[in-house]
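Heads up, the thing below is written out as structure tokens.
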Amino acid sequence: MSTKAIYPGTFDPMTNGHLDIVTRAALMFDRIVLAVAASPSKKPMFSLEERVALAKEVVAHLPNVDVVGFSDLLANFAKAQQANVLVRGLRAVSDFEFEMQLAQMNRHLMDTLDSVFLMPSEQYSFISSSLMKEVARHGGDVETFLPAPVYKALKARL
């Protein structure tokens, strides 16, 4: 039986922490769908189409990873993708409570959907998309924290 997992997120922008998680998840599961959420309430810097295109470029070297944009409820998206696992990154203990609530709600909505939590490699444990945007807006150097295509797009946007 093959296992298909979904790694969902807004990925605005995708960071090396995200890349670390999806790369390790790709070794654990047969197929990974990197699911880029529309998330209009978060007022993303990049459009859904731009985020999908950037993610595709960043994970092109991972043959078992597909990138798909979505705006549906995550559990419904998982059903449509015939996936039974959600991969989520946990940077700190502070992330756990919220992630646990999400996992329980997703399990309630789709009883065959399990959540697997991966901690990023230590050098990425403090990175977040919002932090990268904030630091970059104020002239800080975030190049080492972002995949090259994402860094280029972020610099061009600012």
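Cβ coordinates are placed from backbone N, Cα and C, and glycine is handled just like the others.
Ser129 (ATP binding site) falls within a helix when secondary structure is assigned with DSSP. Of all the Cβ atoms in the protein chains shown, 21 others lie within 10 Å of the Cβ of Ser129 (ATP binding site). What Swiss-Prot lists as ATP binding site is Thr10, Phe11, His18, Gly89, Leu90, Arg91, Glu99, Tyr124, Ser125, Phe126, Ile127, Ser128, Ser129, Ser130.
The Cβ of Arg88 (substrate binding site) lies under 8 Å from the Cβ of Tyr7, Pro8, Glu99, Leu102, Ala103, Ser115, Val116, Phe117, Leu118, each of which sits 6+ residues away along the same chain. According to Swiss-Prot, the feature substrate binding site maps to Thr10, Lys42, Leu74, Arg88.
What Swiss-Prot lists as site 'Transition state stabilizer' is His18, and the listing cites sequence analysis. Taken residue by residue with DSSP, His18 (ATP binding site) is part of a helix. The Cβ of His18 (ATP binding site) has 26 neighbouring Cβ atoms from other residues within 10 Å, across all protein chains displayed.
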Lys42 (substrate binding site) and Thr10 (ATP binding site), Cα-Cα, nearest whole angstrom: 9
Cα distance (Å, whole number) from Leu74 (substrate binding site) to Leu90 (ATP binding site): 18
Cβ neighbours within the same chain of Lys42 (substrate binding site) - under 8 Å, at least six residues apart: Thr10, Asp12
Spatial neighbours, same chain, of Ser125 (ATP binding site) - Cβ under 8 Å, 6+ residues apart: Gly17, Arg91, Ala92, Met119
